[in-house]
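J.: I'd like to ask some things about the structure below.
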Amino acid sequence: MELNSVILTTGSSVGFFKLVNYGLGKLPIPETARRNAWKWNNISTSFVHSLITGVWSVLCFCMHPQMAEDLIETHSVFSHALVSVSIGYFIYDFLDMVINQKIIHSWELLFHHVVVITCFGISVLTCRYVGFAVVALLVEINSVFLHLRQVLRMANLAKSTFYRVNSMINLGTYVVFRINTLAWMTRWLVLNRDLIPLFSYTIGSVGLAIMTAMNIVLFYRLMRSDFMKASREKELRKEKEKEKDM
């Protein structure tokens, strides 16, 4: 794709997700989420992005399986457009957070977005590593359940059966589509470093190191919030029941 096409696709994506956010803002919001309507709309917009790009990334490999054999040079217009659209979303979300939230509360996500925009930007501008970028977007399959978890918590449904089921699916997809994907990408980068220029290899290595560290921390937070806490509450209930029987 030419530079003009990249700019048009990315710019259109920024506008599209702005419209999505605007449209979501017109829908009813749970009473428990009204005190932070901006966060509710922001997470809901992120959910839409994850749903679109998660499905799109799988379709890229289904429609163009040759890309899996060569993640550097081989790609389709369909997969290139996916990466450009994702850049547009991350630019939109970056600006949305900078404008509506204190940086001290969102610096981790802002830093994450800068890293992703940089890495994906190199890919779409050089028309190389597009397949590698599409592999990275497979993590959005997990993000669907991750964002749904946040929405359910804001709607005060953290104790519902649906939330518990989503937590289990979220944990499973986290391991498969985040941890395993990042591990595979790191291995691929190391094995193919002779085929990658030093600058791109350095950017990719630093980006993956940052993503891996952030995802390990997030995994611990999820475990502590959804499983360790539930386990402790269950133990406390059992202790109280024993005390009643005595």
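Just so it is clear, glycine is given a Cβ too, placed from its N, Cα and C backbone atoms.
For reference, Swiss-Prot lists these features for the protein:
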DOMAIN    35-231  domain 'TLC'
TRANSMEM  5-25  transmembrane segment
TRANSMEM  43-63  transmembrane segment
TRANSMEM  79-99  transmembrane segment
TRANSMEM  107-127  transmembrane segment
TRANSMEM  128-148  transmembrane segment
TRANSMEM  199-219  transmembrane segment
J.: Out of 5-25, 43-63, 79-99, 128-148, which stretch touches the transmembrane segment (199-219) the most, going by CB pairs under 8 Å?
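T.: Counting Cβ pairs under 8 Å, the winner is 128-148.
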J.: Taking only the residues in the domain 'TLC' (35-231), give me the average pLDDT of this model.
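T.: The predicted confidence over the domain 'TLC' (35-231), as a mean pLDDT, is 94.
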